[in-house]
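Chemist: Below are the features listed in Swiss-Prot for this protein:
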- 3-120: domain 'MTTase N-terminal' (DOMAIN)
- C12, C49, C83: [4Fe-4S] cluster 1 binding site (BINDING)
- 143-375: domain 'Radical SAM core' (DOMAIN)
- C157, C161, C164: [4Fe-4S] cluster 2 binding site (BINDING)
- 378-441: domain 'TRAM' (DOMAIN)
Amino acid sequence: MTKKLHIKTWGCQMNEYDSSKMADLLDATHGYQLTDVAEEADVLLLNTCSIREKAQEKVFHQLGRWKLLKEKNPDLIIGVGGCVASQEGEHIRQRAHYVDIIFGPQTLHRLPEMINSVRGDRSPVVDISFPEIEKFDRLPEPRAEGPTAFVSIMEGCNKYCTYCVVPYTRGEEVSRPSDDILFEIAQLAAQGVREVNLLGQNVNAWRGENYDGTTGSFADLLRLVAAIDGIDRIRFTTSHPIEFTDDIIEVYRDTPELVSFLHLPVQSGSDRILNLMGRTHTALEYKAIIRKLRAARPDIQISSDFIVGFPGETTDDFEKTMKLIADVNFDMSYSFIFSARPGTPAADMVDDVPEEEKKQRLYILQERINQQAMAWSRRMLGTTQRILVEGTSRKSIMELSGRTENNRVVNFEGTPDMIGKFVDVEITDVYPNSLRGKVVRTEDEMGLRVAETPESVIARTRKENDLGVGYYQP
């Protein structure tokens, strides 16, 4: 009888990536098949996120529902992973003694051994350590699920922003070697992946080891990924302004595979609040990065993160944030009301902004961003956009759906053979959450490259020094 696994995932794209790796790992080692129905499962895993408010209570509410399933089936294994597991550890079992496994983001690769241990002597297992890069060394080969894929290139963060739990739950920055990343992406490309999204809590801080023992930069890695045959689009998330260096901006100038869309969190437009947040950059420095980016790639669109109602935020501070939003003309944002995370420095600050004021500021900010996003969408009306076709439309099974470079969903009439390929679509209608278009060119008519070697990418990104000597630093 087939053994079944149910994974419930909350949080960021890194958590989604981790959950997919858990599923692949337990399929390879134990033959577990994924199910969307918790009642069918032999193993239940909850991959948690500590970013949102009341994250811990949300976990225990979910575990309470699963407790009823365990009472009916004592052999059921329940595991809790992710960032809340890292924060709470043994405390989870103190409140929910029926939980069998507690593991952190850096120990998910040990799940097979943990399950074997529980199956063997029924003793619970808690492992929330930080074994650095070992996690990636023990994961199964990647498996493509459509034309887009996420690839984690690093873990953790060294920035210690005062509101953020990531350094405490995922540890400090650890970069994967470049060869491991490139091999994983090449495997995905061979399975039909056309677009790859490089993941990291602070992805542009990547400093991985190269094959020759040298340390590579994120800009180097982007160019090498662009050289992989079949990869026609590259995205990455999430970046930090302090490490968005000029060499990364140069990649936007000479590497068309890198999309004209960037998510670059800023959090606030007030230097005073940025200082309290420990962001180590100013609003002016952030805008300088955007100016350089738009000089290199004039059509680039920017999204960001914002926190409103941070302790001490005044009306003047908030107005500075609104000015930054107008100056940069953000295309979209992830915006939140501040809520303290236990164990962070901001949790000890006086939360002196009234709740109603926080809600009002969030509403004003989101309305402005929505207006700007709609204005960006309207500019696309009548233009031709290249779409990576992901599958059938959610709105109609008779239509296809895909995404533009700037992450807009486009629905259009097409044929099944277009799925997984690029099409050029003329935008005919603009809606608040999507666009509509008609196909004007198929991939066969585009003349996309058939193959390109790393050497050819290096050749076309060749620079010359003051003496006229060409160079490229891999």
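Quick reminder: no glycine exception, Cβ is built from N, Cα and C everywhere.
What you see is a predicted model, and the numbers here were worked out from it, not measured in a lab.
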Chemist: May I have the list of same-chain residues other than C12, C49, C83 whose Cβ is within 8 Å of the Cβ centroid of the recorded [4Fe-4S] cluster 1 site, in sequence order?
Modeler: W10, G11, M14, N15, T48, S50, I51, G82, T169
Chemist: To test your reading of the [4Fe-4S] cluster 2 site: which residues beyond C157, C161, C164, same chain only, put their Cβ within 8 Å of the Cβ centroid of those residues?
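Modeler: Once C157, C161, C164 are set aside, the remaining close residues are K159, Y160, Y163, V165, V166, P167, Q201, N202, G278.
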Chemist: Given a separation of at least six residues and a C-beta threshold under 8 Å, show me what packs close to C161 ([4Fe-4S] cluster 2 binding site) in the same chain.
Modeler: Q267, M277, G278, R279
Chemist: Summarise the model's confidence over the domain 'TRAM' (378-441) as a mean pLDDT value.
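Modeler: Looking only at the domain 'TRAM' (378-441), pLDDT averages out to 95.
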Chemist: Just to verify a number: CA distance, C157 ([4Fe-4S] cluster 2 binding site) to C83 ([4Fe-4S] cluster 1 binding site), in angstrom, no decimals.
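Modeler: Counting only the Cα atoms, the answer is 13 Å.
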Chemist: Using the structure shown, find which entry in C12, C157, C164 (the binding-site residues) has the sparsest Cβ neighbourhood within 10 Å.
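Modeler: Fewest other Cβ atoms within 10 Å, among the binding-site residues C12, C157, C164, is found for C12.
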Chemist: Using C-alpha atoms only, work out the spacing between C164 ([4Fe-4S] cluster 2 binding site) and C83 ([4Fe-4S] cluster 1 binding site) and round it to an integer in Å.
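Modeler: One finds 12 Å between the Cα atoms of these residues.
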Chemist: Quick check on the binding-site residues: of C49, C83, whose CB has the lowest count of neighbouring CB atoms inside 10 Å?
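Modeler: Comparing Cβ neighbours within 10 Å for the binding-site residues C49, C83, C49 has the fewest.
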Chemist: Need the DSSP three-state call for C49 ([4Fe-4S] cluster 1 binding site) to compare against my parser.
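Modeler: SS state of C49 ([4Fe-4S] cluster 1 binding site) = coil.
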